[in-house]
Structures are given as C-alpha cells and as structure tokens.
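**Student:** Before I ask anything, let me first share the structure, which is written out below as structure tokens.
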Amino acid sequence: MAGQRVEVDGGIMEGGGQILRVSTALSCLLGLPLRVQKIRAGRSTPGLRPQHLSGLEMIRDLCDGQLEGAEIGSTEIRFTPEKIKGGIHTADTKTAGSVCLLMQVSMPCVLFAASPSELRLRGGTNAEMAPQIDYTEMVFKPVVEKFGFRFNCDIKMRGYYPKGGGEVIVRMSPIKQLNPINITDRGSVTKIYGRAFVAGVLPFKAAKEMASAAVRCIRKEIRDLYVNIQPVQEPKDQAFGNGSGIIIIAETSTGCLLAGSSLGKRGVNADKVGIEAAEMLLANLRHGGAVDEYLQDQLIIFMALANGVSRIKTGPVTLHTQTAIHFAEQLAKAQFTVKKVENEDDASKDTYIIECQGIGMTNPHL
C-alpha cells in the first residue's frame, strides 16, 4: 500500500479542521498515505483540538490504519490507511465537539466498507461552528441520499456546549458505487417549518419567543405561506445539560431543502436567536441556489467519488466549499468547474453551478 506520501498543507484556505476531515477521509478511501502539516496554523489555539483528534482516531480505527503525531496541540500528523472495515465504531469527543462533524468524516468511508457499519458518536449534537443534528437529519440526510444510499440516524441523547454528553447512532450499509446528483432547479418555496428547542433549566417561554420572532421576521418577506415552527421542550432523559436553539427549513416544489439555524447563547435574547435563524434562511432563499451554504461543502466529497457528472446550483461559493474542492482535486483527482450563472431576469442574484466529473469510486469488497 505505502507509496509516496501525499503532502497536505493544513494552513491554506479554510485552514482548520475541515482540511483534516476531507484529506483523511479521502486518504482512507483511496488508500493514500498522507502527511498533513501546519494543522490549524493560523488559529488562536493552533494544532489539533480534542474534536479533531477523535475524528482522526475514528478514521484510523475504521481502516486499521496507522496514525502518528496525533496528540492535542500537534501541528503535523502522518496517516497510513489500510482496508476499510464495517462493524461497530465509536468516537467520543469528550467535549461538546460536534457529532455531526464526526459523521461528515466517517460516512464516506464506511460506504466503501466490506460490511454494514454502526457509528456510535458522542459529543455535542447542537454545537457552535458545526451543523446541528436537526440539520443533519432534516436537510443533509434527504439530499445526500440522492447519491443512492440510505442511512439511519438515531438521536439517543442531545448534548450542548460546553459539556457535550450527546450520543447519536448512525447505521448504514456499504454500496457498490455512488450515483451522480443534479440539484439545479430550485423551484418555488411551498412550505416553511422548523423547531425551536430548549433543554435543561432554560424556560419553555424562550422556545416560544424564538419561534414567534422567527415567524414575524419571515412574514415580512414571505407573506403567502403558513410558517410552522414548533416550540419544543427537550425531554429530560433525552438531553444532557442546558441548551437552546432553532432550525427553520424551506421546502420547494422540486424537493429542495434550504435552512437557517441559530443557537442560544448566554446573555442573548431569545427573539434575537430566532431572528438570526430566519435571516439566514431568507439569505439562502434570496441567492436562488438549490442548496444552502451549509450543504455546499458537505456534498463535494460525494460528488468527487460518484460515477458520472454531478451538478449543484448554489449561492456564493463558501471558503469551506473551495477548500473541499481543492483537496478533492488534489487527492482524488476529480475535476470540478465553478461557473457563475448569468441571470437574465435578475442581475442581482449571485448564483453558481458547481459541476464535477466524479472518479467513479468502486467498492472493492462488493
């Protein structure tokens, strides 16, 4: 297996945990030995944090690989992958590190395992700087399943900043190949719905305030749709610690799903949290893309591996997406093009088509 090590500069572009996730997942899938240097070089706390470490250790365990330099604060790792195996895999960030990011790094790998997998992921389910588990379930899951696979996501316990303590179990079977996707027709918005939650000691009134502030904000711009945001008190036995937040989803006539979300923070009024999520959703609807800005980068690795040409229509291409494309091209040799869509009817729209000629990765075990 061990050919020339692929060199990755962890300090360029997004310059953070995302480079690690994309490069180690592709290394694992393609059997490429990897060296990542300058990990999180520009961050206030450079090097590996606990959540990055748990992701790396999980990938190592998924493929019985070897991992050197993996400790807190380390700015360089070496990874030598072996054969990807199914079965039960556990990863625990020991903090509020995001289970959704653990899922992002491990899911492409176990699709190409020899047998079904169960991923037991522990940490934060609704954490800052990461998708919330509700987003993963309500937006990411139905869209990513268009690549031709299914997964099951069972939220055992919700966990919040700073303690974490959440647990999610993901089950999936391997596939032979990924189908390409085409998500370029946004359609018109037909439904807007969501949930505003509080957990632990936070008052239910806060969930109601988030929901009603969000509804008011959306109504100003979209008058003719019923906006259904449910306030929820998370059951005591299904949430660890205290937390609050909101996710709002717009569904379109062509089956596209776009979202806005926000988390409550100490000292921030509940209505402000609701308005932030609503404004994020409205911004994602204004640009005319068929996927929102958070789904963009999460789809890149699947597009790179798929068998054929995939296309997605997006708003402005995020730094995370540019980073994912860069490493998918460098490591997997997939070919991407990003073209601005010239909208005759509306020049103000900032819309792009990301196209990828996937490498047609085939599962050697099936």
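Every residue gets a Cβ built from N, Cα and C, even glycine.
Below are the features I grabbed from TrEMBL:
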type     : residues                                       : note
DOMAIN   : 13-338                                         : domain 'RNA 3'-terminal phosphate cyclase'
BINDING  : Gln104, Tyr294, Leu295, Gln296, Asp297, Gln298 : ATP binding site
DOMAIN   : 184-285                                        : domain 'RNA 3'-terminal phosphate cyclase insert'
ACT_SITE : His320                                         : active site, tele-AMP-histidine intermediate
**Student:** Using the Cβ center of Gln104, Tyr294, Leu295, Gln296, Asp297, Gln298 as the ATP site position, which other residues in that chain lie within 8 Å, going by their Cβ?
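**Tutor:** Not counting the recorded site residues, we get Pro131, Phe140, Glu293, Leu299, Ile300, His320, Thr321.
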**Student:** How big is the gap, in Å, between the Cα of Gln296 (ATP binding site) and that of the residue listed as 'active site, tele-AMP-histidine intermediate', rounded to a whole number?
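**Tutor:** That comes out at 8 Å between the alpha carbons.
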**Student:** What is the interatomic distance between the Cα atoms of Gln298 (ATP binding site) and His320 (active site, tele-AMP-histidine intermediate), given in whole Å?
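**Tutor:** Cα to Cα, Gln298 (ATP binding site) and His320 (active site, tele-AMP-histidine intermediate) are separated by 9 Å.
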**Student:** Quick one: DSSP breakdown of the domain 'RNA 3'-terminal phosphate cyclase insert' (184-285) into helix, strand and coil?
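**Tutor:** So the counts come to 37 helix, 37 strand, 28 coil.
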**Student:** Looking only at the domain 'RNA 3'-terminal phosphate cyclase' (13-338), what is the mean pLDDT?
**Tutor:** 97
**Student:** Between Gln104 (ATP binding site) and the residue listed as 'active site, tele-AMP-histidine intermediate', what C-alpha distance do you get in Å?
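**Tutor:** Cα-Cα, rounded: 13 Å.
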**Student:** Whole-number Å distance between the CA of Asp297 (ATP binding site) and the CA of His320 (active site, tele-AMP-histidine intermediate)?
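**Tutor:** About 6 Å separates the two Cα atoms.
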